[in-house]
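Before any comments, here is the structure.
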Amino acid sequence: MRVQCEPFLFVIGSTVRLSDLPKGALAVVDRVDDAHANDPIAQRLRDLGFVDGESVQVVACAPLGADPLLIRIGFTRFALRRAEAARVAVRSEVAA
Amino acid sequence: MSADALRIALVGNPNCGKTALFNLLTGGRQKVANYAGVTIERKEGRFVAPSGRMLQILDLPGAYSFDAVSPDEQITRDVLEGNYPGEAPPDLIVCVADATNLRLHLRFLLEVRRLGRPVVLALNMMDAARRRGIVIDVAELSRRLGLPVVETVAVKRGGAQALVERVDGELPQPSPAQADDAASRADLHAQVRELLAATVRMPRQTAELDDALDRWALHPVFGLAILAVVMFLVFQAVYAAGKPMSDLIGDGFGWLGNHLATWLPAGPLQGLVTDGLCGGLGTVLGFLPEILVLFFFILVLEESGYLPRAAFLLDRLMVSVGLTGRSFIPLLSSFACAIPGIMGTRSITDPRDRLATILVAPLMTCSARLPVYALLIAAFIPSRAVLGMFNLQGLVLFALYAAGIAGAMLVGWVMKRIRRDRSEHALLMELPSYRLPKVRDVGIGLYERSMIFLKRLTGVILALTVLMWALSSFPAPPAGATGPAIDYSFAGYLGRAFAHIFALIGFNWQMSLALIPAFAARETAVAALATVYAVGGETAAGLGPALASHISLASALSLLVWFAYAPQCMSTLAVIKRETDSWRNVAISFGYMFVMAYVASFLTFQIASALA
């Protein structure tokens, strides 16, 4: 289980999956990738505000298998399963 | 009248207070709670504005986007676009937004604005926003949006004053209609960000209190422990707080029956009043306190915002048994009654998850089963302390609820194994801010529930009780009969015929007979048993002792298990038909539950008999 709050260092100019972001680390959304053509889940994520430049943070992980994740995006909290969070690419906040 | 009424639709993101506003405007008593997807249907109400104009208000389910993903979001989109059958598009759209959570709410407003209809923005929960130090430049927001913006506090009397004045005035100019396509949708977020930057100042992104509470409530270890303790306390409280009041009501009706018996002439009428009405209905009415205690806790949990957290904690577990975290809230409301539970599944986006939830919802012990459980537990399980702090009766009750949950998990798991569709389905669930439950909302909920219960009691349960009494009393035994009179009645014959089916699971003919009216309403099993034993002249000391002297412990346990799994009442089957539009699903749920109940009761009876 990934439960850590140490500062997380991004390689400048690179992105990581939101599902790989350590708990507590701040990041901004880069983009949402479709898992397949016409991915309705990816479209929904975009509608819910997972768009370029939005600040995002993993706030909590559920007890069983650290899935789902509690994500703070802007000033809303969304519960996302890991597979959903994996569609979101995030980058370092400062490098935005 | 309705032709010249101004038609106003309330729309907005889930959980922004549309229904609270609706109730405040129309004096309605629609259910409000603190999670997304409470309102699942269009609701209509009307009121007369100060100008004397009739306003017709339409409360619609919450939606995040016009790209609807669930049946309830679809209703909202169809009504707004004028595609809802038999419903003209509204004259005015009031877009309700949670002032503490404007980002997504404003985005939806921008989508609504593109319809090209008159729109007013109501910034709701302004009191909470001020408490959090959020400052909104309303005039600037209104100017940039090009539409009127009013502040509201839907949970306070007079909190919609500004909105009423605004909608009572002239209709605002609509914005030009715009087409909806993917590129322009992506653009909406950018517009929102610009709006927020120019008009809203927030000291921090989320409420400090929410973050602090979530650190505990969502903690991997403490979170689960808190959830378990909360659930356990609820069921203990049902027994501890409800029981004394139930006993009082039961005693009262016993006393009333005895007094009426001395007044009325001996004969069929006396039997109906004392045995059927006081004995049967009185016993059922006695369980109202327990039901209200259960509802009190469910309402408080719903209002607090804790339920979506519980759904978050349990999502993985529920996925492993073929459900989803989103199933949690409909399943929890099924503890009250499976009907609102099944209707609540409309907020589950995925049809497969939704059907699975509908099929297992009746396994959650509904409040109508509580009288049956409470009666049998009081009669057969000794009231003694276990481990110094728990009551054995409370523990058995908890075990029955747990049996229902375990059954649902088993059924969900089996369904998951059978079905072929293994595609991915999303959770994507918003967690609301915590809120202190409002006394008024909980009060309304309890009042509504009491009224439903009393209507059932004076309607279907009364009718069935009178019918059971008539069946048990007629025909009179032939001259020279030696056995008890009831053995010669219709009820006696019917019961014995049914008893053949249920002999293997330990039911006597009285119990078998009581199952028939229980199919119409669960509580009637208690009234029916009371009536049958009363007519048989066995309940001098009350129904509990009468049962205890005629039924073995094994049979009683078997009956308890039967009620945990047995096919649900007719109304539930009717709702499954309506919600899934399929007789096949009705047949599946009736069939699997009958088999499950029979097998479980058979095992219980045989094992308990062997051990006794």
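Every residue, even glycine, has its Cβ placed from backbone N, Cα and C.
According to TrEMBL, the domain 'FeoB-type G' annotation covers B:5-173.
Residues or ranges marked as transmembrane segment by TrEMBL: B:216-239 (among others).
According to TrEMBL, the feature transmembrane segment maps to B:277-301 (among others).
The transmembrane segment feature in TrEMBL is assigned to B:355-381 (among others). Here the transmembrane segment (B:355-381) has Cβ contacts under 8 Å with residues 238-239, 242-243, 246, 283-284, 286-287, 290-291, 294-295, 322-324, 326-327, 330-332, 334-338, 341-342, 345, 348, 392-393, 396-397, 400-401, 404-405, 407-408, 411-412, 415-416, 518, 521-523, 525-526, 529, 543-545, 547-548, 551, 553, 556-557, 559-560, 563-565, 567-569, 572, 576, 579-580, 585, 588-589, 592-593 of the same chain, all six or more residues outside its ends.
For B:393-415 (among others), the entry in TrEMBL reads transmembrane segment.
Here TrEMBL flags B:457-476 (among others) as transmembrane segment.
Residues annotated as transmembrane segment in TrEMBL: B:547-565 (among others). Distant neighbours of the transmembrane segment (B:547-565): 363, 365, 369, 372-373, 375-377, 379-380, 396, 400, 403-404, 407, 505-508, 510-511, 515, 522, 525, 529, 533, 538, 593, 596-597, 600-602, 604-605, 608-609, 612; these residues of the same chain sit at least 6 beyond its ends, with a Cβ under 8 Å from one of its Cβ atoms.
Here TrEMBL flags B:586-608 (among others) as transmembrane segment.
Long-range Cβ contacts of the transmembrane segment (B:216-239) within its own chain (Cβ-Cβ under 8 Å, at least 6 residues beyond either end) map to 290, 293-294, 297-298, 301, 306, 309-310, 312-314, 370, 374, 390-391, 393-394, 397-398, 401. Across the candidate stretches B:277-301, B:393-415, B:457-476, the maximum count of CB pairs under 8 A to the transmembrane segment (B:586-608) is reached by B:393-415. For the transmembrane segment (B:457-476), same-chain residues at least 6 beyond its ends with a Cβ under 8 Å from one of its own Cβ atoms are 268, 271-272, 275-277, 280-281, 284-285, 485-486, 488-492, 494, 513, 517, 520-521, 523-524, 527-528, 531-532, 535-536.
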